[in-house]
Amino acid sequence: MMTEASLPARPTRPMTQRLSTVADMRPTDDFLERPQKVVATNVNFFYGSHQALYDVSLRMPQNCVTALIGPSGCGKSTFLRCLNRMNDMIEGTRVEGTILLDDVDIYRPKTDVVELRKRVGMVFQKSNPFPKSIYENVAYGPRVAGVKQREVLDGIVEQSLRRSALWEEVSDRLNESALRLSGGQQQRLCIARALATDPDVLLMDEPASALDPKSTARIEDLIFELKDTYTIVIVTHNMQQAARVSDQTAFFYEGHLVEAGATTDVFTKPRQKQTEEYITGRFG
Amino acid sequence: MSSLPRNGRPYAKLASQLFAYACAACAFSSVAILVLLLSQMLRFAWGWLDWQFITSFDSQLSPDKAGVRAALVGSIYLIALTTLFSVPIGVGSAIYLEEYAQRSRWRGIVQTNIANLAGVPSIVYGILGLGLFVRGMQMGAGVLAGALTLTLVVLPIVILASQEALRAVPSTIRQASYALGATRWQTVWHQLLPAALPGIMTGVILALSRALGEAAPLVAIGAAGFVMFTPRGINDSFTALPLQIYNWTENANDDFRIHVAAAGIIVLMVMLICLNATAVFLRYRFGKRIHW
Ligand SMILES: Nc1ncnc2c1ncn2[C@@H]1O[C@H](COP(=O)(O)OP(=O)(O)O)[C@@H](O)[C@H]1O
Ligand SMILES: [Mg+2]
């Protein structure tokens, strides 16, 4: 079993400082009494006849980072895509159960999916900037939402790039192609692009898995800053990363949510044997 | 005993080399045939292809006075109208099939039929055009009927090429756009079409160069072979370059049959080369801006 001292260090922030933040939220029960931003209840998910999620219930508190961990193929991305209904794009899929965003079921028939996706932003595993300028990438969300005035767009672009800690690096070349940026910069651009629609929730599917350690550290720092404003759900393959950035950790295994709780608890005193085996690296 | 090569590699190497030579010979012979054809045509057309040839109408009796004016203008009208009809319908169909239609049996049937239609001989479209446009809608064998018939010929090609181009846009671009709250149409208009444009344009231009060279469907709808005016309205009768050339080659007079026809062929070839050069240019120009 891991002890607190054996938790991996956050690369740019002193260990103690980071841990005290998590410690503030103990015990677990207090943690879950914070306002609930997204609440999934008894979610089953099917790709055609293949069931990928079994009866998943998870509460994602406001201004918290929830990390989804588990071996490859256990349904983390599937669950994440349920939260902004990106699974709707895949033909033949079906969802059961309820997912509440601010107490409203996002799967009720009246839901405007376009509106939902503006409130629940998403960052993908592989950075996927549009083959357009840096400016146009960030301005795309507001533009499709109907913002036309140049000054308003300029403001949104600058603010989003500042929030994603990219402004200093690109402010003098906003009209250059986004594809010229480095991998880490591209991923921060994708975060800026997601922030530009002014979402409440930010979903990140292994946002740093394709990046070098330095860029990864930047993204992790960024997540730490962004949670003051947003509710973040992040999928990660990397145990250390989950331990470093998240407040709550949810462990998935073969479509089931095995265990969820405050990150320090899950990592230091997991209740389930499977969780313990996974975080200590015995499988997956 | 051990005179056999141990693993047969020397033979494999020889075979591979022979194969490479055979392939090179095939490639070379196709170029050689093209050069031969062109040089032959140029030789026949020499002295006949001049400014007078471009600006004059056809002549019944004197080869010296004959020209391609009516056919050239007719072909340009035809291509312009065919583009006007086939691009919106073709690209629209491709967008529907790729981005909107659910994967269903019905869609499968439509898709298979489009692929089959691309292989239907153009004379069949000519007969359809005759029945549908010339007689059914009473357009007569005018420019409009001709362009609509050629639209039928090229539409499957335009649809298939546009589908191909849309499919080549990475799905990560679609996902990014939808995840930002863009509607289907916004995603198509702002992301997919711009990214697919070079591919679509190349397909359209190749389809148009096919339309430019088609004589059979125009013969079938009853387009004129001998025209002494350029069309003033879309229902005026017309002739086109391939039709005009065909007509000359049927003439008993050797000057018409060989020299005037060759001059016409050169004009047609130049137009085709221009179209293809445009396709290459567009591909290069727009292709450069997008690196996935
Ligand atoms: N588009 C899809 N169509 C069919 N099955 C899928 C699709 N995406 C994922 N799956 C299946 O659903 C299960 C969970 O996948 P996923 O959510 O991607 O796992 P993870 O993100 O945890 O690696 C896997 O068995 C996978 O094969
Ligand atoms: Mg995944």
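Cβ atoms are placed via backbone N, Cα and C, with glycine included.
Bear in mind that TrEMBL entries carry predicted annotations, made automatically and left uncurated.
Per TrEMBL, the features are:
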type: TRANSMEM; residues: B:18-38; note: transmembrane segment
type: TRANSMEM; residues: B:70-97; note: transmembrane segment
type: DOMAIN; residues: B:72-277; note: domain 'ABC transmembrane type-1'
type: TRANSMEM; residues: B:117-134; note: transmembrane segment
type: TRANSMEM; residues: B:141-161; note: transmembrane segment
type: TRANSMEM; residues: B:188-208; note: transmembrane segment
type: TRANSMEM; residues: B:215-234; note: transmembrane segment
type: TRANSMEM; residues: B:258-282; note: transmembrane segment
Considering the transmembrane segment (B:141-161), which listed stretch of B:18-38, B:70-97, B:117-134, B:215-234, B:258-282 counts the most C-beta pairs under 8 Å: B:70-97
Selected stretch (most C-beta pairs under 8 A with the transmembrane segment (B:215-234)) from B:18-38, B:70-97, B:117-134: B:117-134
Folded-back contacts onto the transmembrane segment (B:117-134), same chain, C-beta under 8 angstroms, at least six residues removed: 140-141, 144-146, 148-149, 152-153, 155-157, 160, 214, 216-222
Remote residues contacting the transmembrane segment (B:18-38) - C-beta distance under 8 A, at least 6 residues beyond either end: 269
